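Visitor: To start, I am sharing the structure in question, which I have written as structure tokens.
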Amino acid sequence: MKYARGQAHVGDIRMKMRDFALSRYLGKFYKSKDDGKMSRSGFLEKIRRMQDVLGLEVTARMDEKTIEAMKQPRCGVPNIGRFSAFPRNPVWKKKDLTYRILNYTSHMTRDEVDRAIEKAFKVWSDVVPLTFTRIYDRVSDIEMSFASGDAFPFDGPSGILAHTFAPGDNTGGDVHFDADETWTSGSAGTNLFLVAAHELGHSLGLDHSNDPNALMYPTYHYTNPNTFQLSEDDIKGIHSLYGPKEKPVTPTKAQTHCPEHISFDAVTTVRGDIIFFENRSFWRKTAGKSEIEQHEISSFWPSLPADIDAAYENQKKDQVLLFKGTKYWVLRGYTVQEGFPKNIYELGFPLTVTQIDAAVHDDETGRTYFFINDRYNEETSQMDKESPQRISKGFPGVGNKVEAAFRSNGMLYLFSGNQQYEFSTTNRKVTRLLKYTSWLNC
């Protein structure tokens with residue numbers, strides 16, 4: 001009998017511990033104004049609400065599926081209800097938002113974190129008329145950090161992965177990731193891209209979804225980032241706040257004419273896109289699309305100057321270098337990297353060089369060609385001893401001055417005067433003369 005009473009006592013303790021854990025979970029994620037005087041009926045109502053939000057059968061009983069759902073790592077934003085947006089529908093009042101990454105996790109390289117965050121923003125900018133620009137030197141609209149405690153403390157590995165504030169001033173829109181999680185770019189640990197994309201949904205004003213297939217579902221489940229797509233529920237929710245993304249105003253068919261006297265300052269590829277700079281704006285030809293977009297440089301990159309002199313992409317390093325006078329900047333994707341501009345003399349240029357006319361990188365040979373007046377410099381890891389050489393010697397058939405250049409499908413495209421030259425570095429000759437504006441569909 002003593003053993004039986006002891007067994008019953010242990011069972012009572014376990015029951016109380018389970019009820020305490022359940023009460024804490026419900027109190028944390030399913031808050032209500034009556035939390036201070038919770039009755040049994042109110043307690044059961046919270047269980048029903050949790051099951052409803054998680055898309056489970058609503059029974060008010062702690063069955064296996066409910067318990068299993070509670071064990072899953074999840075977002076730390078409380079569940080308000082079955083609605084697609086936060087109460088009172090807070091949204092950003094402007095279309096061009098900035099973000100800043102304040103620190104990094106030790107489990108990923110800085111580049112991996114940067115790419116995951118950039119990709120997470122693109123999930124939303126692809127479907128709504130918002131732009132997101134990374135900045136470094138001032139407070140941004142959306143501040144992102146890895147933390148182990150703040151006004152809403154984290155709970156160590158697993159459990160709460162991150163939390164976010166709804167759109168607004170001060171901390172509004174800010175995202176905090178649990179620094180104790182094992183963040184990764186793959187299926188092991190916790191995938192940063194997937195969690196960041198979810199949290200940014202909150203930054204834009206979305207609440208949790210009860211659709212298990214939705215990105216905004218409260219609990220974490222891994223999906224291959226390379227094949228990830230927003231669910232219909234996610235898209236409907238974000239469209240209800242900001243409307244659908246506007247289609248480019250430029251027609252898909254070839255234009256009948258181009259602006260008169262067009263002259264590119266610089267041309268470069270960016271992860272498959274082709275960017276044509278002119279004065280304060282640029283045209284973008286997106287890979288796989290016939291539309292040509294035109295944007296102000298300052299709208300994409302507030303920290304970059306107008307009238308870019310030269311630009312080139314090094315695909316193996318995933319870098320784009322932009323030059324203006326004696327300064328240069330580095331992009332990774334469409335994000336300006338921290339610590340720039342820097343001085344071009346750090347790249348090995350002599351002090352006599354004060355401006356670069358054009359630049360292009362050949363990924364096959366690893367060489368970068370810099371065009372300055374009627375000469376060009378050749379660089380691998382340092383300036384070639386034979387540099388500079390006359391353009392007419394290294395690029396026979398091309399004009400005496402190259403104003404812009406880029407590489408595509410193994411060929412160099414050099415712009416000089418009102419001509420565009422397709423040049424083969426293998427055969428060292430011009431293979432075609434093209435219309436200056438041929439890439440702009442006009």
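Cβ atoms here come from the backbone N, Cα and C positions, even for glycine.
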Visitor: Determine which of ASP141, ASP207 appears in TrEMBL for the same Ca(2+) 2 site as ASN170, GLY172, ASP174.
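Guide: Between ASP141, ASP207, TrEMBL records just one in the Ca(2+) 2 site with ASN170, GLY172, ASP174, namely ASP141.
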Visitor: Return only the integer: C-alpha distance in Å from MET216 (Zn(2+) 2 binding site) to GLU199 (active site).
Guide: 8
Visitor: Closest of the binding-site residues to GLY172 (Ca(2+) 2 binding site), Cα to Cα, picking from GLU181, HIS208, ASP265, ASP309, ALA311?
Guide: HIS208
Visitor: Which of the binding-site residues HIS163, ASP174, HIS176 has its Cα nearest to the Cα of HIS198 (Zn(2+) 2 binding site)?
Guide: HIS163
Visitor: Hey, which of the binding-site residues MET216, ALA311, ALA359 is the loneliest by Cβ count within 10 Å?
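Guide: Comparing Cβ neighbours within 10 Å for the binding-site residues MET216, ALA311, ALA359, MET216 has the fewest.
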Visitor: Using Cβ atoms and a strict cutoff of less than 8 Å, what residues sit near the repeat 'Hemopexin' (399-442) while being 6 or more residues removed from its termini?
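Guide: Contacts with the repeat 'Hemopexin' (399-442): 253-258, 262-269, 274, 276-277, 283, 285, 290, 292, 310, 312-313, 357-365, 369, 371, 373-374, 376, 391-392.
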Visitor: Per DSSP, how many helix, strand and coil residues does the repeat 'Hemopexin' (261-304) have?
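Guide: The composition, in the requested order, is 4 helix, 21 strand, 19 coil.
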